[in-house]
Amino acid sequence: MIIVILLALAVSSALVSPAASTSRGLDRRPEKTWFRVSLRHVDSGGNYTKFERLQRAMKRGKLRLQRLSAKTASFESSVEAPVHAGNGEFLMKLAIGTPAETYSAIMDTGSDLIWTQCKPCKDCFDQPTPIFDPKKSSSFSKLPCSSDLCAALPISSCSDGCEYLYSYGDYSSTQGVLATETFAFGDASVSKIGFGCGEDNDGSGFSQGAGLVGLGRGPLSLISQLGEPKFSYCLTSMDDSKGISSLLVGSEATMKNAITTPLIQNPSQPSFYYLSLEGISVGDTLLPIEKSTFSIQNDGSGGLIIDSGTTITYLEDSAFAALKKEFISQLKLDVDESGSTGLDLCFTLPPDASTVDVPQLVFHFEGADLKLPAENYIIADSGLGVICLTMGSSSGMSIFGNFQQQNIVVLHDLEKETISFAPAQCNQL
């Protein structure tokens with residue numbers, strides 16, 4: 001059993017004790033393409049408790065779940081395109097153009113396109129920094145319709161260069177011209193990065209930054225364009241308001257004492273990072289989950305992805321039902337039926353409780369048994385008088401969320417087609 005220590009504060013949170021494409025898309029001269037950048041949670045500037053941060057993130061996550069679970073989005077009743085994840089939870093700093101202008105953009109492992117809002121803007125959301133003006137940059141260049149990156153777009157047209165429409169499933173979208181620019185990430189400056197110069201951008205969830213950096217498996221993503229086969233991130237605990245998470249690309253992305261599981265492909269959703277989840281254990285009990293529960297179906301539905309932009313883990317309905325039943329059996333606390341938290345399973349804290357024993361949770365990925373620390377799946381609030389499981393159910397795709405990835409280095413190796421995990425104190429890296 002793992003002991004959860006409860007702090008008696010008015011609104012306290014719990015302290016816890018124990019095949020990808022790497023095509024560059026464009027020819028480029030040798031440049032430094034490995035780097036390290038800091039990541040900031042979108043709510044890091046707010047005065048929120050851990051529970052409040054989680055609730056805010058879950059509201060965004062439910063929208064993202066709908067986006068991820070959708071297979072295609074239709075436009076003007078005659079055009080269909082694959083959908084992408086869209087909004088996320090972590091912002092990364094970058095600079096665009098010559099001279100360089102600094103922006104914050106959403107890091108997204110669930111999509112490919114890199115884009116920012118551009119002048120002249122027909123329809124743009126409010127952003128914290130000035131909108132990028134390509135006329136002021138000497139390195140801006142529109143891509144022709146004959147380019148490989150234009151061909152990789154799900155929807156494009158040819159007028160004044162390569163024009164794109166990129167959808168995020170709930171009819172959020174960005175539309176504009178595909179171009180190349182010089183981008184700076186940390187101490188690395190890379191020319192001729194293909195990106196979307198968005199002049200017509202609709203939808204919710206983007207306003208925390210000036211656009212989005214796609215880190216998916218497709219040719220439009222930053223990773224593929226850089227030709228770097230590895231990247232990793234390490235996300236600090238949600239209650240660490242000053243902690244800085246990190247993204248490492250290329251030779252910066254290394255780790256020790258890791259467990260490794262293969263990536264699998266879904267032809268219907270080639271950008272997502274699918275994993276083979278073979279089972280889940282609660283304490284000493286292996287849950288009675290059918291082996292096919294987390295398999296990708298013939299129509300491309302189902303499966304399990306690992307995602308940086310979805311907060312809590314969502315499991316297929318029958319798997320979550322088994323997980324919920326086992327936690328109720330082993331925790332032996334009264335189930336909280338109020339529904340006030342937004343989480344699917346909460347328990348009433350015993351009066352004057354200082355600790356609660358919770359069972360060990362293990363995700364059995366192919367070749368890798370990932371034992372999660374209790375703080376990565378349990379949250380308690382003595383002010384509300386509850387202790388909750390930070391997971392939910394999904395009627396389609398399952399998602400391994402970022403709450404479960406706290407203080408774990410997650411390494412994506414697109415050459416070996418694997419993902420590796422290693423525990424770490426992310427605020428000390």
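Including glycine, each Cβ sits where the backbone N, Cα and C put it.
Automatic prediction, not curation, is the source of TrEMBL annotations.
Residues annotated as signal peptide in TrEMBL: 1-21.
The feature domain 'Peptidase A1' is assigned by TrEMBL to 90-422.
For Asp108 (among others), the entry in TrEMBL reads active site.
The feature active site is assigned by TrEMBL to Asp307 (among others). Within 10 Å of the C-beta of Asp307 (active site) we count 27 further C-beta atoms, all protein chains included.
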Tally every other Cβ atom lying within 10 Å of the Cβ atom of Asp108 (active site).
29
Could you state the whole-number distance in Å separating the C-alpha atoms of Asp108 (active site) and Asp307 (active site)?
8
